[in-house]
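One structure is given here, and the rest of the page talks about it.
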Amino acid sequence: MSGGKYVDSEGHLYTVPIREQGNIYKPNNKAMADEVNEKQVYDAHTKEIDLVNRDPKHLNDDVVKIDFEDVIAEPEGTHSFDGIWKASFTTFTVTKYWFYRLLSTIFGIPMALIWGIYFAILSFLHIWAVVPCIKSFLIEIQCISRVYSIYVHTFCDPLFEAIGKIFSNIRISTQEEI
């Protein structure tokens, strides 16, 4: 950990949480790291943002990919004028595009702030409340499980073994009548 850097189990070189290199949009310069023969440095708080593929895990593939043809369709025999159809298509597409941009401009950062706070609280509760409660419960339940195991082996096992021996001597034979 000399110089404020450390290496993880996969061999990635990380910096300390303070952003000493780069910014949040391009934290590392891979070409420069290759030139100097250094490992690429990964910061736990920053990563390079892909501005082209903004849904790399395909979270919204089946939900928000709505096009004009998915919403409005004219069956055979009931067609409007071609100009109206083209204008409707253009109006729908442009309105959807710019209204989404307007909404994301107005509400994008506040919603990101709200969801960031929500997931920070969720992570905090999971790390500092849920996991310790579960571990505590598992430790405490071991005592009960030992007592329960002794009870089962002392009372239930002999009882069910005796019942099993009683019913094991029952024989059933079937006969077909002609």
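Cβ coordinates are placed from backbone N, Cα and C, and glycine is handled just like the others.
The intramembrane segment annotation in Swiss-Prot covers 105-125.
Sequence annotations record features per position, and here Swiss-Prot assigns N-acetylserine to S2 based on similarity to another entry.
Residues annotated as phosphoserine in Swiss-Prot, with a large-scale study or a structure entry given as evidence: S2 (among others).
Residues or ranges marked as N6-acetyllysine by Swiss-Prot: K5.
According to Swiss-Prot, the phosphotyrosine annotation covers Y6 (among others), on the basis of similarity to another entry.
Residues annotated as phosphoserine in Swiss-Prot, with a large-scale study or a structure entry given as evidence: S9 (among others).
Sequence annotations record features per position, and here Swiss-Prot assigns phosphotyrosine to Y14 (among others).
According to Swiss-Prot, the feature phosphotyrosine maps to Y25 (among others).
Under the heading region 'Required for homooligomerization', Swiss-Prot lists 2-94, citing similarity to another entry as support.
With a cut-off of 8 Å between Cβ atoms, the residues of this chain six or more beyond the region 'Interaction with CAVIN3' (82-94) that come close are 67-68, 71-72, 74. Residues or ranges marked as region 'Interaction with CAVIN3' by Swiss-Prot: 82-94.
Long-range contacts of the region 'Interacts with SPRY1, SPRY2, SPRY3 and SPRY4' (131-142) within its own chain (CB-CB distance under 8 A, at least 6 residues past either end) are absent; none are counted. Taken from Swiss-Prot, the feature region 'Interacts with SPRY1, SPRY2, SPRY3 and SPRY4' applies to 131-142 (among others), supported by similarity to another entry.
The region 'Interacts with SPRY1, SPRY2, and SPRY4' annotation in Swiss-Prot covers 149-160, and the record cites similarity to another entry as its basis.
Tertiary proximity for the region 'Interacts with SPRY1, SPRY2, SPRY3 and SPRY4' (167-178), restricted to same-chain residues at least six positions away from its ends with a CB under 8 Å from its CB atoms, involves no residues. What Swiss-Prot records for 167-178 (among others) is region 'Interacts with SPRY1, SPRY2, SPRY3 and SPRY4', and it gives similarity to another entry as the kind of evidence.
Mean per-residue pLDDT, taken over the region 'Required for homooligomerization' (2-94), amounts to 71.
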